[in-house]
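Asker: Copying in the features that TrEMBL gives for the protein in this structure:
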DOMAIN    B:79-267  domain 'ABC transmembrane type-1'
TRANSMEM  B:20-41  transmembrane segment
TRANSMEM  B:85-104  transmembrane segment
TRANSMEM  B:116-138  transmembrane segment
TRANSMEM  B:150-173  transmembrane segment
TRANSMEM  B:199-225  transmembrane segment
TRANSMEM  B:245-270  transmembrane segment
Amino acid sequence: MSDMTDTGGPVLAADGTPLKRSLARALRRQKMRALMLIAPLLLFILISFILPVADMLYRSVQNGIVTETLPRSVVALADWDAKSGDLPSEAVFAAMAADLKEAAAAKTHTKVGTRLNYENPGISSLFRKTGRKAKKFDLENGGPWKEALIDINEGWGEPDNWRTIQTYSPPVTAGYFLNAVDMRVGPDGAEARPESEQIYMNLLKRTLWMSLTITVCCILLAYPVAWILANLPMRQANMLMILVLLPFWTSLLVRTSAWKILLQQQGVINDILVWIGLVDDSARLVIINNQFGTIVAMTHILLPFMILPMYSVMQTIPPTYLRAAKSLGATDWTAFWRVYFPQTVPGIGAGSILVFILAIGYYITPALVGGTKGTFISNQIAFHISSSLNWGLASALGAILLAVVLVLYWAYDKIVGIDNVKLG
Amino acid sequence: MALPSYASTGQRIWYYTFRVICGLIFFFLIAPIAVVIPLSFNSQDFFTFTKEMLSFDPAGYSLKHYRDFFSNPDWQDALWNSVKIAPTATLLSVSLGTLAAIGLSQPHVPARRAIMATLISPMIVPLIISAAGMYFFYSRIGLAGTYWGVVLAHAALGIPFVIITVTATLVGFDRSLTRAAANMGADPVTTFFRVQMPLILPGVISGALFAFITSFDEVVVVIFVGSAKQQTLPWQMFIGLREQISPTILAVATILVVISIALLTTVELLRRRSERLRGMSPG
């Protein structure tokens, strides 16, 4: 060491490079090696998971279909003032006739009709009916098109239909999102839908409310169980732990089918209630296909996710604290409430966020035991993907759900840290 | 925990009430699963206990639902599909996941938190969103409705579990062991397979079992991404439950419960072994 300080220069590593640079290089190499190990998985997750989710988010605003199918009309309509109440000019009608002729030949006119029908119910028949005749349009001599089109279908004489086409002509739209929060684009910008058409906000509220109820039920049921697991001797606690872990490991569908069987009107619970005489045979309880069914089944399914984090927190609390509190004169309740309970709050927080995140996105259980009143927003998303085929709306609803979940995920990471998630 | 001898009457009452409450909650946890098992031996096509069953009359019990499961081609195809998909998905997520977990446990990883959050996200994002996105995206690249599409999707869903279990095992890993191996002339690959792998194996196996059960139980994603050719056991059960066709579901459920018990036992034994190896008390 003294030799080096004598030279007055920088400290050198064995190969003659300055030590600082040598260390920095070693660190860089370490970082590179770590990243090389992680890279394959990151790439895999990117392709198999992140890109699909991004694709879904993109679909929630994508609206290329109108400009692609009706390119000329979109350009011609740009100058039309929707608020004037007048019909567009003859040039617009001629452009529409040309577009429709082309679209009908390519059979894309029904698609654009379906797309616009989401925003203006009834408009799809306008496109369908006109499309049938559009193939025979004589673009050179068929005019004037204003009269010709209105003659085919009166819908072309209504400025409201034209306004819909104009509003949804840009390639990117907020329409699906407005739809997902029960709004629509009116003549003066966004406006609320009539009350009879408002479904999604209520559904979102119901999803949040039911998830919250399930979380609270889980807290109430998990707390005593976690406490007894943390305080029993190791051997007994391990035995009881199996009762918690078995449901955790059992297939979700098995648990859901079990509840379906238990809760049916001719099911086990009703049979027992009738047998002990609490309920008359003719007045069996309806406890399935409603909110009650969903809440009971989901509380059971998510309970282990609450017990495990609570248990791992309670395990670290020394029992001597309670005894110390009592020896200082606290009653049982005070000792619990002022000394023990505050220390378990992190466990409650971790479990609650986890259960709430999982509950809010549930699909299978509500679909099977929820009937119509006990379904979640996920079920509506699934409906729009597989039945109504309104993928844009499904994506917008999914994006809203994803936003809620990501905020909670972020909070979970801040409070608990994702490194601390434990399984089993 | 035990009741002290000086406890007052009130404390005694509360002590026993509390135990009863806990007993009821444990009952709530386990009863639904326990009920399915005897019902699956029902000789009638009912979803509830018959008089014969309650009086333990042998005529009330039969294996007919099991026979149906093993002879019905729909169920057999579904079982076969599940058996084909789950191991491949597990292999993919375990090999990539273990590698990444080792990378993540190195001392200097840039953006570690962000990477970790990304890798865990398939567990957090609601399944319906993953399913929708995968359906849209895999259709674009021609993977929707194919075996590999489902495998890819299931592997992605299993990765968080592998990452969590393997990083948890690596927390207690003594890094001087790899340095000692390198010191004695082992190259990194030899060090990995001969020194590191045997020590973290319990974590890797638990991760694999989690990934396996995730794929084996998964129904939402496979419904959207798969086609009729990839109809798995849970999918068949889902259809059966929605349309209320046959009590064969009970037999399937019982078989699945037995599989879960086997997996749970393995994971528990591994966890205890791993903690013993690390010199921690078994718990």
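Using N, Cα and C of the backbone, Cβ positions are placed for all residues, glycine too.
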Asker: Report, as numbers and ranges, every residue of the chain located at least six residues beyond the transmembrane segment (B:150-173) whose Cβ falls under 8 Å of a Cβ in that stretch; write 'none' if there are none.
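Answerer: That would be 85-86, 88-90, 92-94, 96-98, 100-102, 104-105, 116, 119-124, 127, 130, 134, 138, 143, 196, 199-200, 202-204, 206-208, 210-212, 214-215, 218, 221-222, 225-226, 230, 274, 278, 280.
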Asker: Checking distant contacts: for the transmembrane segment (B:85-104), what same-chain residues at least six beyond its ends satisfy Cβ-Cβ under 8 A?
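Answerer: Non-local partners: 112, 115-116, 119, 147, 150-152, 154-156, 158-159, 161-163, 166-167, 170, 192, 196, 200, 204, 207-208, 211-212, 215-216, 222, 230, 232.
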Asker: Counting only pairs at least 6 apart in sequence, do the transmembrane segment (B:116-138) and the transmembrane segment (B:199-225) share 3+ Cβ pairs under 8 Å?
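Answerer: Contact criterion met.
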Asker: Within the same chain, where does the transmembrane segment (B:245-270) have neighbours whose Cβ lies under 8 angstroms from its own Cβ atoms, ignoring anything closer than 6 residues to its ends? I mean 6 or more beyond.
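Answerer: Here the qualifying positions are 33, 36-37, 39-40, 42, 45-47, 65-66, 68-69, 72, 75, 202, 205-206, 209-210, 212-213, 216, 233, 236-237, 239.
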